[in-house]
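Notes to accompany the following structure.
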């Protein structure tokens, strides 16, 4: 028997298999051919089916023959289901706190919503490892300090320049974050904002929470150092929401 | 061959043809819609168009290959003639190219979405149309080169290991990007009084997106791994006997891709409706 490089044959099976044209040919010709004279030619030899070497013995199998197949599919199914449950768990962690009485603290501080937090000063970069609510509250603290410091900068220009960007960003975020058809159908342009504007007074703190929370993606950037101190980004949410809430009162003004 | 062995599972030709032609039609529709409609000339849609183009190539190639097999079975084609084997090499290259290209396009779409969310205000500066064109050019040329190399030098184990490593790394990157975006979206959404239903739907969407990718691509890649690692093992042999099913799975991913990516975009659906049902094309587009 020719000393055929086994790896070559095995590898060939990959590409061979990817081309059923040749593989089927081999399967049908294998039994017909008793001569292997064609092997001498490199060109034809390449197309030798690997089974020509040695048929795989199926004697004495301890487990079921298809155990790898079954194991693979079970593992894949478990992985997908696990991923789904992880995602819904992330969702659930958020849901009970949607009705969280942010509104409970609405009257307590003169600065309004921005200081409504339990005074957690947690590590911001550990936000993902803790329940979402705590992590988001720590973001509040971070933003309060940042916005207080940078409060005096040019807001009017930001207002004009960024309002459009913000609306566009909301649209994109709405489209992509939710990936929901209803959000996309509605165009999403003003949907998140209009959803806020129709709130009652009791929801204003939630709106303010949104204001701070909305900066979170930028916060994440700052934390990971991926963007250079873009202070103007911190004003974006406040700018648009200010215009919205100024109609009622300046409750959520960033003081 | 042993009778107790695992017989190879054959998938009938009509299944291959149906899957191939339907996926070809869908993806071609996406490509044409994105190219013709001016308001779909944004980076996100360009990446989806690229994905659809790769899927189109894969569908065409697979269908053509099936046609040739049918003809060869019927005796109309010489199986070993040089034209057929060269054609076979060309088809293998195209298939490799489209597989690697699809994965690269998924990665590009995930990165684009990531930039949209986390660098939203600088998105239009980061992801200009010139950069998009450059990225797409890079993806297409590297896939073409890679495909030619892989088919020419399939002897080398290194090539296949590269292929598998590329798949695993892309999978991990895509998984990470989407889960990260999802987590951020939940933090964000829960304070706009997001409905419980929409949160569930987001989780479901992400699971479908990623789950479909993994379910359709993993079996073939595990096949590659098994070929390398345990070619003579009977258990592995039984896995390999299901090869045609795994190829059908891969082709069906080209079929469901438009449903997962393209058809979920309202803008694209709107363009389809205009294209398909509008009588006066010049006016409609």
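Cβ coordinates are placed from backbone N, Cα and C, and glycine is handled just like the others.
Annotated transmembrane segment per TrEMBL: B:15-35 (among others), in sequence order.
Taken from TrEMBL, the feature domain 'G-protein coupled receptors family 1 profile' applies to B:26-261.
Taken from TrEMBL, the feature transmembrane segment applies to B:90-111 (among others).
If you look at the transmembrane segment (B:132-152), the same-chain residues 6 or more away from its ends with a CB under 8 A from one of its CBs are 43, 46-47, 50, 54, 89, 92-98, 100-101, 104-105, 108, 159, 163. Per TrEMBL, transmembrane segment is recorded for B:132-152 (among others).
What TrEMBL records for B:158-182 (among others) is transmembrane segment.
Per TrEMBL, the feature transmembrane segment maps to B:203-227 (among others).
Residues annotated as transmembrane segment in TrEMBL: B:247-266 (among others). Residues 11, 15-16, 19-20, 22-23, 26-27, 29-30, 45, 48, 51-52, 55, 58-59, 62, 99, 102, 109, 205, 208-209, 212-213, 215-217, 219-220 of the same chain lie 6+ residues outside the transmembrane segment (B:247-266) yet bring a C-beta within less than 8 angstroms of a C-beta in it.
Residues of the same chain lying 6 or more positions beyond the ends of the transmembrane segment (B:203-227) and with a Cβ under 8 Å from any Cβ of it are 103, 106, 160, 163-164, 167-168, 171, 174-175, 178-179, 182, 236, 239-240, 242-243, 245-247, 249-250, 252-253, 256, 260-261, 264.
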